[in-house]
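Worksheet: the structure to be examined is printed underneath.
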């Protein structure tokens, strides 16, 4: 449910985006993009320290705490329509993402610590006979499922009732999940810890760098790169990320991203060479299929003619692209979890989800910048959208090339 509700929370401002904007008298698309971008920005950024906090203070405790505050800020986001306006709503979306960040890595860590490593380390098979593989696969499937459910029900409520009810319904669901977690999940077995064990300097530089870097791209879509503070924030963000890397390598005693966690990279290499999926298909082939799903879906939507029926090139990508997410996320998560020490399971879960959610927000900012510049060049709105899709095709092509390399390397 953590993965399900995190994607549902993202989708509830994407599908009914224009309806929500009308409630705040906002029609500028770049400004509207902040509604989903603020959520995915904080979700993707704060996942890293959230994993470490779970390792320190208990994954169950952080899981329930995340749901509690996720519910609170969901209520406030809906109430923003009565006063505070667009700025309060975007702020609430960011705060929703912060507390939602506690959910995903700690939920994955609970699965990893409950079921341990699979009997055949770094190997993934279908049918998924092991309970651990089944849970991770379900966790991956929850992402597109949550997005679709969140988009559908928020749209229904926005059209037939009132859009704030989508946020209040989410809050009610979070409260129910707190009760279920308290009753079902065993209490954490905590080891003695202190706030001094938390990498405050690494957290400050890492989170600060990620936020500023991402904010610069998303705000540039609103005000343009000619505005001085956008590229100043971008430069400061990059410098903070460099400082973060230095802190993690040379200074931190208990780093947010420990070097020992990166032995998962060697585990990934081993898994690509020996692991199997889909009845003895190597993981490298599975990753290739995932990247091809993204590439094919993106190409179809980018080249769809205006006069063509929805059920041709527009509908097909909605069926094809979820396969990319469903095949790539569970395998990556299991590989990282299998190759990370038990007391760092929260960090392992954080790395995958940081990449996914941070990329969502960053991608919105880059796409918004492309659309803005096409519009300024006297292009149409559709041409701007196509430009953003073509950029996505380029990224998909790079991913396919990387997957092909691994297929060749470990054939």
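Here the Cβ of each residue, glycine as well, is placed from N, Cα and C on the backbone.
As written in TrEMBL, here are the features:
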type: DOMAIN; residues: 1-411; note: domain 'Major facilitator superfamily (MFS) profile'
type: TRANSMEM; residues: 32-51; note: transmembrane segment
type: TRANSMEM; residues: 63-84; note: transmembrane segment
type: TRANSMEM; residues: 96-115; note: transmembrane segment
type: TRANSMEM; residues: 136-159; note: transmembrane segment
type: TRANSMEM; residues: 165-186; note: transmembrane segment
type: TRANSMEM; residues: 198-217; note: transmembrane segment
type: TRANSMEM; residues: 229-249; note: transmembrane segment
type: TRANSMEM; residues: 261-279; note: transmembrane segment
type: TRANSMEM; residues: 285-306; note: transmembrane segment
type: TRANSMEM; residues: 347-368; note: transmembrane segment
type: TRANSMEM; residues: 388-408; note: transmembrane segment
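Counting Cβ pairs under 8 Å that are 6 or more residues apart, the transmembrane segment (198-217) and the transmembrane segment (32-51) reach 3 or more and are in contact.
Residues 1, 5, 8-9, 12, 16, 60, 63-64, 67-68, 70-72, 74-75, 77-78, 110, 150, 153-154, 157-158 of the same chain lie 6+ residues outside the transmembrane segment (165-186) yet bring a C-beta within less than 8 angstroms of a C-beta in it. Cβ atoms under 8 Å from those of the transmembrane segment (63-84) belong to residues 2, 5, 9, 23-24, 50, 54, 92-93, 95-96, 98-103, 106-107, 110, 163-168, 170-172, 174-175, 177-178, 181-182, 185 of the same chain, restricted to positions at least 6 beyond its ends. In this model, the domain 'Major facilitator superfamily (MFS) profile' (1-411) carries an average pLDDT of 79.
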